Amino acid sequence: MDSKYDTLIYNVRIASMQHNGMPYGELPPTAIAIKEGHIVALLSCDEQLNDALQQTSTVIDGSRLIPCNENEQPTLPWLLPGFIDCHTHLVYGGNRAEEFEMRLQGASYVEIAERGGGIKGTVKKTRQADEQTLLNTAIKRAMRLCEEGVTTIEVKSGYGLDVDTEIRMLSVAKSLEKHLPVTIQTTYLGAHALPNEFNHDADAYIDFICRDALPQIASLGLADAVDVFCETIGFSLQQTERVFSCAKQYGLPVKAHVEQLSDSKGAVLAAKYGALSVDHIEYLVDSDIPSLVKSETVAVLLPGAFYYLSEVQKPPVEALRAHNVPIAVATDFNPGSSPLASLLTALNMSCVLFKLTPEEALRGATEHAASALGLNDRGVVDIGNVADLTLWDIETPAELVYCINGHRPIAVFKDGKHV
(Lines of atoms letter the chains of each structure in order from A and count residues from 1; the text may use other names and numbers.)
(Lines give C-alpha, C1' and ligand atoms only; values in the text may rest on other atoms or scores of the structure.)
Protein backbone atom coordinates (compact mmCIF):
# COMPACT_ATOMS: atom_id res chain seq x y z
CA MET A 1 0.00 0.00 0.00
CA ASP A 2 1.34 3.43 -0.95
CA SER A 3 2.22 5.85 1.83
CA LYS A 4 -0.06 8.81 2.30
CA TYR A 5 2.94 11.15 2.14
CA ASP A 6 6.32 10.84 0.42
CA THR A 7 8.15 13.06 2.91
CA LEU A 8 7.38 14.65 6.25
CA ILE A 9 9.54 17.46 7.68
CA TYR A 10 9.02 18.37 11.33
CA ASN A 11 10.80 19.94 14.30
CA VAL A 12 11.61 23.03 12.27
CA ARG A 13 10.79 26.71 12.54
CA ILE A 14 9.04 27.85 9.38
CA ALA A 15 9.46 31.24 7.72
CA SER A 16 6.65 30.59 5.26
CA MET A 17 6.52 34.07 3.67
CA GLN A 18 2.74 33.87 4.00
CA HIS A 19 0.98 37.10 4.97
CA ASN A 20 -0.27 35.99 8.37
CA GLY A 21 0.73 38.97 10.49
CA MET A 22 3.93 37.32 11.72
CA PRO A 23 7.46 38.39 10.75
CA TYR A 24 8.60 36.34 7.76
CA GLY A 25 5.22 34.60 7.83
CA GLU A 26 6.40 32.41 10.70
CA LEU A 27 4.06 29.50 11.38
CA PRO A 28 3.33 27.90 14.76
CA PRO A 29 4.99 24.48 15.25
CA THR A 30 4.05 22.74 12.03
CA ALA A 31 5.03 19.65 10.07
CA ILE A 32 5.19 19.84 6.29
CA ALA A 33 3.78 16.88 4.38
CA ILE A 34 4.93 16.37 0.80
CA LYS A 35 3.44 14.19 -1.92
CA GLU A 36 4.51 14.01 -5.58
CA GLY A 37 6.68 17.10 -5.30
CA HIS A 38 4.09 19.38 -3.69
CA ILE A 39 3.17 20.49 -0.20
CA VAL A 40 -0.10 18.72 0.51
CA ALA A 41 -0.59 19.41 4.23
CA LEU A 42 0.61 21.62 7.06
CA LEU A 43 0.09 19.64 10.27
CA SER A 44 0.00 21.68 13.45
CA CYS A 45 -1.09 19.32 16.24
CA ASP A 46 0.50 16.26 17.83
CA GLU A 47 -2.35 13.96 16.84
CA GLN A 48 -2.02 14.91 13.17
CA LEU A 49 1.75 14.52 13.35
CA ASN A 50 1.61 11.10 14.98
CA ASP A 51 -0.81 9.86 12.34
CA ALA A 52 1.36 11.27 9.56
CA LEU A 53 4.53 9.68 10.92
CA GLN A 54 2.93 6.28 10.43
CA GLN A 55 1.94 7.05 6.85
CA THR A 56 5.11 8.62 5.43
CA SER A 57 7.92 7.06 3.40
CA THR A 58 10.68 9.49 4.46
CA VAL A 59 10.73 11.44 7.72
CA ILE A 60 13.06 14.41 8.32
CA ASP A 61 13.46 15.38 11.98
CA GLY A 62 14.93 18.88 12.04
CA SER A 63 16.12 18.52 15.62
CA ARG A 64 18.66 15.91 14.45
CA LEU A 65 20.19 18.06 11.71
CA ILE A 66 22.14 20.48 13.91
CA PRO A 67 24.81 18.90 16.15
CA CYS A 68 24.51 19.60 19.87
CA ASN A 69 25.93 18.27 23.13
CA GLU A 70 24.13 15.42 24.85
CA ASN A 71 22.71 17.61 27.61
CA GLU A 72 21.75 20.52 25.38
CA GLN A 73 18.28 21.29 24.10
CA PRO A 74 18.26 20.57 20.33
CA THR A 75 18.36 23.63 18.10
CA LEU A 76 15.61 23.64 15.49
CA PRO A 77 16.61 24.78 12.01
CA TRP A 78 14.68 27.40 10.09
CA LEU A 79 12.83 26.29 6.97
CA LEU A 80 12.33 28.76 4.11
CA PRO A 81 11.07 28.50 0.54
CA GLY A 82 13.76 27.75 -2.02
CA PHE A 83 15.28 30.99 -3.27
CA ILE A 84 14.48 32.35 -6.72
CA ASP A 85 16.98 34.41 -8.72
CA CYS A 86 14.62 36.19 -11.09
CA HIS A 87 17.16 38.08 -13.24
CA THR A 88 20.40 36.56 -14.57
CA HIS A 89 22.47 36.45 -17.76
CA LEU A 90 24.58 33.45 -16.79
CA VAL A 91 24.97 31.85 -20.23
CA TYR A 92 27.80 33.59 -22.08
CA GLY A 93 31.24 33.02 -23.53
CA GLY A 94 34.50 34.21 -22.01
CA ASN A 95 34.76 36.75 -19.21
CA ARG A 96 35.62 40.43 -18.78
CA ALA A 97 38.33 40.28 -16.11
CA GLU A 98 40.81 42.10 -18.36
CA GLU A 99 38.25 44.82 -18.93
CA PHE A 100 37.82 45.12 -15.16
CA GLU A 101 41.53 45.82 -14.83
CA MET A 102 41.33 48.41 -17.61
CA ARG A 103 38.46 50.18 -15.88
CA LEU A 104 40.38 50.38 -12.63
CA GLN A 105 43.30 51.92 -14.53
CA GLY A 106 41.02 54.67 -15.82
CA ALA A 107 39.99 53.42 -19.27
CA SER A 108 36.63 54.74 -20.46
CA TYR A 109 33.79 52.62 -21.78
CA VAL A 110 34.56 53.86 -25.32
CA GLU A 111 38.23 52.96 -24.98
CA ILE A 112 37.35 49.50 -23.71
CA ALA A 113 34.92 48.98 -26.59
CA GLU A 114 37.55 50.10 -29.10
CA ARG A 115 39.89 47.43 -27.75
CA GLY A 116 37.27 44.75 -28.31
CA GLY A 117 35.70 44.81 -24.86
CA GLY A 118 32.25 45.68 -23.61
CA ILE A 119 29.09 43.83 -24.49
CA LYS A 120 30.16 43.34 -28.11
CA GLY A 121 33.28 41.56 -26.90
CA THR A 122 31.06 39.14 -25.01
CA VAL A 123 28.86 38.74 -28.09
CA LYS A 124 31.91 37.77 -30.14
CA LYS A 125 33.06 35.20 -27.57
CA THR A 126 29.56 33.80 -27.15
CA ARG A 127 29.08 33.39 -30.88
CA GLN A 128 32.40 31.55 -31.07
CA ALA A 129 31.55 29.16 -28.22
CA ASP A 130 29.92 25.83 -29.03
CA GLU A 131 26.96 24.52 -27.08
CA GLN A 132 29.01 22.22 -24.84
CA THR A 133 31.39 25.01 -23.86
CA LEU A 134 28.51 27.31 -23.00
CA LEU A 135 26.84 24.54 -21.02
CA ASN A 136 29.96 23.67 -19.02
CA THR A 137 30.52 27.26 -17.90
CA ALA A 138 26.82 27.86 -17.25
CA ILE A 139 26.65 24.79 -15.01
CA LYS A 140 29.51 26.14 -12.89
CA ARG A 141 27.82 29.53 -12.52
CA ALA A 142 24.38 28.14 -11.77
CA MET A 143 25.89 25.70 -9.27
CA ARG A 144 27.17 28.65 -7.20
CA LEU A 145 23.62 29.93 -6.91
CA CYS A 146 22.21 26.50 -6.11
CA GLU A 147 24.75 26.09 -3.30
CA GLU A 148 23.03 29.01 -1.55
CA GLY A 149 19.60 27.43 -1.70
CA VAL A 150 18.45 28.80 -5.06
CA THR A 151 15.98 26.39 -6.65
CA THR A 152 14.64 28.52 -9.52
CA ILE A 153 16.72 30.71 -11.87
CA GLU A 154 15.69 33.00 -14.68
CA VAL A 155 18.24 33.04 -17.52
CA LYS A 156 18.24 35.59 -20.34
CA SER A 157 19.77 35.36 -23.79
CA GLY A 158 21.15 38.54 -25.36
CA TYR A 159 24.82 37.80 -26.03
CA GLY A 160 24.21 36.26 -29.43
CA LEU A 161 22.02 38.84 -31.16
CA ASP A 162 21.69 36.51 -34.15
CA VAL A 163 19.17 33.70 -34.42
CA ASP A 164 21.53 30.75 -34.14
CA THR A 165 23.41 31.96 -31.07
CA GLU A 166 20.31 33.16 -29.26
CA ILE A 167 18.72 29.74 -29.81
CA ARG A 168 21.91 28.07 -28.61
CA MET A 169 21.96 30.20 -25.45
CA LEU A 170 18.33 29.48 -24.63
CA SER A 171 18.78 25.76 -25.32
CA VAL A 172 21.77 25.67 -22.97
CA ALA A 173 19.78 27.47 -20.29
CA LYS A 174 16.90 25.01 -20.57
CA SER A 175 19.29 22.06 -20.38
CA LEU A 176 20.63 23.19 -16.99
CA GLU A 177 17.61 21.43 -15.49
CA LYS A 178 19.14 18.10 -16.59
CA HIS A 179 22.33 18.76 -14.65
CA LEU A 180 21.27 20.62 -11.51
CA PRO A 181 18.32 20.51 -9.07
CA VAL A 182 16.84 23.73 -10.40
CA THR A 183 13.93 25.08 -12.42
CA ILE A 184 14.97 27.36 -15.28
CA GLN A 185 12.81 30.13 -16.71
CA THR A 186 14.18 31.48 -19.98
CA THR A 187 13.84 34.99 -21.35
CA TYR A 188 14.60 36.06 -24.92
CA LEU A 189 16.57 39.32 -24.74
CA GLY A 190 17.40 39.90 -28.38
CA ALA A 191 16.92 43.64 -27.89
CA HIS A 192 19.92 43.84 -25.56
CA ALA A 193 22.36 45.66 -27.84
CA LEU A 194 22.80 46.46 -31.51
CA PRO A 195 25.00 43.91 -33.31
CA ASN A 196 27.75 45.13 -35.64
CA GLU A 197 26.12 43.68 -38.74
CA PHE A 198 23.23 46.14 -38.48
CA ASN A 199 25.61 49.09 -38.82
CA HIS A 200 23.91 51.43 -36.33
CA ASP A 201 20.44 50.80 -37.83
CA ALA A 202 18.43 49.91 -34.72
CA ASP A 203 15.10 49.96 -36.52
CA ALA A 204 16.33 47.36 -39.00
CA TYR A 205 17.49 45.19 -36.11
CA ILE A 206 14.08 45.44 -34.46
CA ASP A 207 12.59 44.41 -37.82
CA PHE A 208 14.86 41.36 -37.72
CA ILE A 209 13.81 40.48 -34.16
CA CYS A 210 10.09 40.73 -34.93
CA ARG A 211 10.22 39.12 -38.37
CA ASP A 212 12.84 36.39 -37.91
CA ALA A 213 14.27 35.78 -34.45
CA LEU A 214 11.29 35.99 -32.12
CA PRO A 215 8.96 33.88 -34.31
CA GLN A 216 11.56 31.09 -34.53
CA ILE A 217 12.30 31.15 -30.81
CA ALA A 218 8.59 31.16 -29.97
CA SER A 219 7.89 28.25 -32.32
CA LEU A 220 10.63 26.21 -30.62
CA GLY A 221 9.19 26.92 -27.17
CA LEU A 222 12.55 28.17 -25.93
CA ALA A 223 11.39 31.37 -24.23
CA ASP A 224 9.09 31.83 -21.27
CA ALA A 225 9.18 35.63 -21.64
CA VAL A 226 10.63 38.45 -23.74
CA ASP A 227 12.79 41.30 -22.41
CA VAL A 228 14.09 44.59 -23.86
CA PHE A 229 16.85 46.95 -22.73
CA CYS A 230 14.91 50.21 -23.00
CA GLU A 231 17.44 52.96 -22.37
CA THR A 232 19.35 55.81 -24.00
CA ILE A 233 22.18 53.40 -24.84
CA GLY A 234 19.75 50.60 -25.65
CA PHE A 235 16.46 50.83 -27.53
CA SER A 236 13.88 53.59 -27.73
CA LEU A 237 10.32 53.50 -26.44
CA GLN A 238 9.01 53.02 -29.96
CA GLN A 239 11.40 50.15 -30.66
CA THR A 240 10.63 48.56 -27.31
CA GLU A 241 6.90 48.73 -27.98
CA ARG A 242 7.35 46.95 -31.30
CA VAL A 243 9.06 44.04 -29.54
CA PHE A 244 6.41 43.97 -26.80
CA SER A 245 3.63 43.94 -29.37
CA CYS A 246 5.30 41.10 -31.26
CA ALA A 247 5.80 39.11 -28.05
CA LYS A 248 2.12 39.45 -27.22
CA GLN A 249 1.21 38.09 -30.66
CA TYR A 250 3.06 34.91 -29.72
CA GLY A 251 1.51 34.73 -26.27
CA LEU A 252 4.73 35.56 -24.44
CA PRO A 253 4.74 37.83 -21.37
CA VAL A 254 7.18 40.72 -21.31
CA LYS A 255 9.78 42.13 -18.94
CA ALA A 256 11.99 45.19 -19.24
CA HIS A 257 15.34 46.65 -18.26
CA VAL A 258 14.23 50.23 -17.63
CA GLU A 259 15.22 53.46 -15.92
CA GLN A 260 18.73 52.24 -15.08
CA LEU A 261 20.53 55.27 -16.47
CA SER A 262 17.76 57.76 -17.21
CA ASP A 263 14.02 58.37 -16.88
CA SER A 264 13.06 56.92 -20.25
CA LYS A 265 9.43 56.12 -19.29
CA GLY A 266 10.09 52.50 -20.09
CA ALA A 267 8.34 51.39 -16.91
CA VAL A 268 5.10 53.05 -17.96
CA LEU A 269 5.29 51.35 -21.36
CA ALA A 270 6.05 48.00 -19.74
CA ALA A 271 3.06 48.41 -17.44
CA LYS A 272 0.86 49.16 -20.46
CA TYR A 273 1.76 45.69 -21.75
CA GLY A 274 1.19 44.04 -18.37
CA ALA A 275 4.87 43.34 -17.82
CA LEU A 276 5.79 40.72 -15.25
CA SER A 277 8.57 42.96 -14.00
CA VAL A 278 10.53 46.15 -14.52
CA ASP A 279 14.18 45.76 -13.57
CA HIS A 280 16.88 48.21 -12.37
CA ILE A 281 14.52 51.27 -12.06
CA GLU A 282 17.04 53.59 -10.37
CA TYR A 283 15.59 56.56 -12.28
CA LEU A 284 11.92 55.59 -11.89
CA VAL A 285 9.96 58.68 -10.81
CA ASP A 286 7.27 58.53 -8.15
CA SER A 287 4.53 59.68 -10.52
CA ASP A 288 5.03 56.60 -12.74
CA ILE A 289 4.63 54.08 -9.93
CA PRO A 290 0.79 53.93 -10.00
CA SER A 291 1.02 52.41 -13.48
CA LEU A 292 2.94 49.48 -11.95
CA VAL A 293 0.24 49.06 -9.32
CA LYS A 294 -2.46 48.88 -11.98
CA SER A 295 -0.59 46.26 -14.02
CA GLU A 296 0.54 44.29 -10.93
CA THR A 297 4.11 44.53 -12.18
CA VAL A 298 6.97 43.59 -9.85
CA ALA A 299 9.84 46.03 -9.27
CA VAL A 300 13.13 44.11 -9.44
CA LEU A 301 16.12 45.68 -7.70
CA LEU A 302 19.60 44.76 -8.91
CA PRO A 303 22.04 46.05 -6.29
CA GLY A 304 24.98 44.13 -7.75
CA ALA A 305 24.99 46.30 -10.88
CA PHE A 306 24.47 49.44 -8.78
CA TYR A 307 27.53 48.51 -6.70
CA TYR A 308 29.73 47.30 -9.54
CA LEU A 309 29.11 50.37 -11.71
CA SER A 310 29.49 52.76 -8.74
CA GLU A 311 26.08 54.26 -9.42
CA VAL A 312 24.66 56.98 -7.20
CA GLN A 313 20.97 57.22 -8.17
CA LYS A 314 19.02 54.80 -5.97
CA PRO A 315 15.65 53.23 -6.82
CA PRO A 316 12.62 54.87 -5.15
CA VAL A 317 12.13 52.24 -2.46
CA GLU A 318 10.05 54.44 -0.16
CA ALA A 319 7.62 55.30 -2.95
CA LEU A 320 7.37 51.66 -4.01
CA ARG A 321 6.53 50.76 -0.42
CA ALA A 322 3.95 53.53 -0.18
CA HIS A 323 2.15 52.12 -3.23
CA ASN A 324 2.55 48.48 -2.09
CA VAL A 325 4.43 47.54 -5.24
CA PRO A 326 5.99 44.09 -4.76
CA ILE A 327 9.79 44.35 -4.66
CA ALA A 328 12.06 41.53 -5.81
CA VAL A 329 15.85 41.30 -5.57
CA ALA A 330 18.12 39.45 -8.01
CA THR A 331 21.81 39.06 -8.83
CA ASP A 332 21.75 40.29 -12.44
CA PHE A 333 24.59 37.79 -12.81
CA ASN A 334 26.40 38.89 -16.00
CA PRO A 335 30.00 39.34 -17.17
CA GLY A 336 29.99 43.11 -17.55
CA SER A 337 28.07 44.98 -14.88
CA SER A 338 27.28 42.41 -12.18
CA PRO A 339 29.52 39.31 -12.11
CA LEU A 340 27.78 38.30 -8.89
CA ALA A 341 27.24 34.59 -8.26
CA SER A 342 25.59 35.05 -4.86
CA LEU A 343 21.94 35.85 -4.29
CA LEU A 344 22.54 36.12 -0.54
CA THR A 345 25.12 38.84 -1.18
CA ALA A 346 22.63 40.66 -3.41
CA LEU A 347 20.13 40.52 -0.53
CA ASN A 348 22.68 42.06 1.83
CA MET A 349 23.43 44.77 -0.73
CA SER A 350 19.73 45.54 -1.12
CA CYS A 351 19.56 46.29 2.60
CA VAL A 352 22.83 48.20 2.92
CA LEU A 353 22.56 50.18 -0.33
CA PHE A 354 18.78 50.51 -0.81
CA LYS A 355 17.59 50.22 2.82
CA LEU A 356 15.30 47.24 2.42
CA THR A 357 14.52 45.41 5.63
CA PRO A 358 15.80 41.82 5.92
CA GLU A 359 12.23 40.58 5.60
CA GLU A 360 11.66 42.65 2.46
CA ALA A 361 14.89 41.28 1.00
CA LEU A 362 13.96 37.66 1.74
CA ARG A 363 10.46 38.14 0.34
CA GLY A 364 12.21 39.66 -2.67
CA ALA A 365 14.05 36.40 -3.28
CA THR A 366 11.03 34.17 -2.67
CA GLU A 367 7.42 35.36 -2.91
CA HIS A 368 8.00 38.43 -5.09
CA ALA A 369 10.70 36.83 -7.22
CA ALA A 370 8.19 34.13 -8.11
CA SER A 371 5.68 36.80 -9.15
CA ALA A 372 8.36 38.47 -11.29
CA LEU A 373 8.52 35.23 -13.28
CA GLY A 374 4.77 34.68 -13.41
CA LEU A 375 5.07 31.62 -11.15
CA ASN A 376 2.30 31.26 -8.58
CA ASP A 377 3.31 27.81 -7.33
CA ARG A 378 6.46 28.65 -5.35
CA GLY A 379 8.13 31.27 -3.18
CA VAL A 380 5.76 30.66 -0.25
CA VAL A 381 5.47 27.63 2.02
CA ASP A 382 1.80 26.77 1.58
CA ILE A 383 -0.47 23.90 0.63
CA GLY A 384 -0.49 23.27 -3.11
CA ASN A 385 2.87 24.86 -3.80
CA VAL A 386 5.92 23.11 -5.16
CA ALA A 387 8.02 21.64 -2.34
CA ASP A 388 11.14 23.70 -3.04
CA LEU A 389 12.44 24.16 0.49
CA THR A 390 15.65 25.02 2.33
CA LEU A 391 16.78 24.36 5.91
CA TRP A 392 19.25 26.63 7.72
CA ASP A 393 21.28 26.56 10.93
CA ILE A 394 20.41 30.11 12.00
CA GLU A 395 18.75 31.81 14.96
CA THR A 396 16.65 34.16 12.84
CA PRO A 397 16.01 34.51 9.09
CA ALA A 398 17.62 37.96 9.24
CA GLU A 399 20.99 36.20 9.65
CA LEU A 400 20.86 35.14 6.00
CA VAL A 401 20.81 38.78 4.91
CA TYR A 402 23.01 40.25 7.63
CA CYS A 403 26.01 37.94 7.22
CA ILE A 404 28.02 38.24 4.00
CA ASN A 405 28.96 34.82 2.59
CA GLY A 406 28.40 33.23 5.98
CA HIS A 407 25.68 30.66 5.38
CA ARG A 408 24.85 27.67 3.26
CA PRO A 409 21.71 25.55 3.70
CA ILE A 410 22.03 22.36 5.72
CA ALA A 411 19.43 20.74 3.47
CA VAL A 412 17.67 21.57 0.19
CA PHE A 413 14.51 19.97 -1.17
CA LYS A 414 13.75 20.35 -4.86
CA ASP A 415 10.29 19.20 -5.94
CA GLY A 416 10.09 17.43 -2.60
CA LYS A 417 13.31 15.47 -3.05
CA HIS A 418 16.26 15.94 -0.70
CA VAL A 419 19.15 17.07 -2.92
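Cβ atoms are placed via backbone N, Cα and C, with glycine included.
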> For the N-formimidoyl-L-glutamate site that Swiss-Prot assigns to ASN334, GLY336, which of TYR10, TYR24, TYR159 is also named?
Replying inline: TYR159
>> Given that Swiss-Prot assigns ARG96, TYR159, HIS192, GLN260 to the 4-imidazolone-5-propanoate site, pick the one from SER44, SER310, SER337 that the record assigns to that site as well.
In response: SER337
> For the Fe(3+) site that Swiss-Prot gives with HIS87, HIS89, ASP332, which of HIS19, HIS38, HIS257, HIS407 also belongs there?
Replying inline: HIS257
> Of the binding-site residues HIS87, HIS89, ARG96, TYR159, HIS192, which sits closest to ASN334 (N-formimidoyl-L-glutamate binding site) by Cα distance?
Replying inline: HIS89
> With every protein chain in view, how many other Cβ atoms are within 10 Å of the Cβ of HIS89 (Zn(2+) binding site)?
Replying inline: 26
> Near GLY336 (N-formimidoyl-L-glutamate binding site), meaning Cα within 10 Å, which of HIS87, TYR159, HIS192, HIS257, GLN260 (binding-site residues)?
Replying inline: none
> Of all the Cα pairs drawn from ARG96, TYR159, HIS192, GLN260, SER337, the residues the record ties to 4-imidazolone-5-propanoate, which distance is largest, in Å?
Replying inline: 21
> For the binding-site residues HIS87, ARG96, which Cβ has the most other Cβ atoms within 10 Å, all shown protein chains included?
Replying inline: HIS87
> Cα of ARG96 (4-imidazolone-5-propanoate binding site) to Cα of HIS89 (Zn(2+) binding site): how many Å, rounded?
Replying inline: 14
>> Need this for a regression test: binding-site residues TYR159, HIS192, SER337, filtered to those with Cα within 10 Å of HIS257 (Zn(2+) binding site). What's left?
In response: HIS192
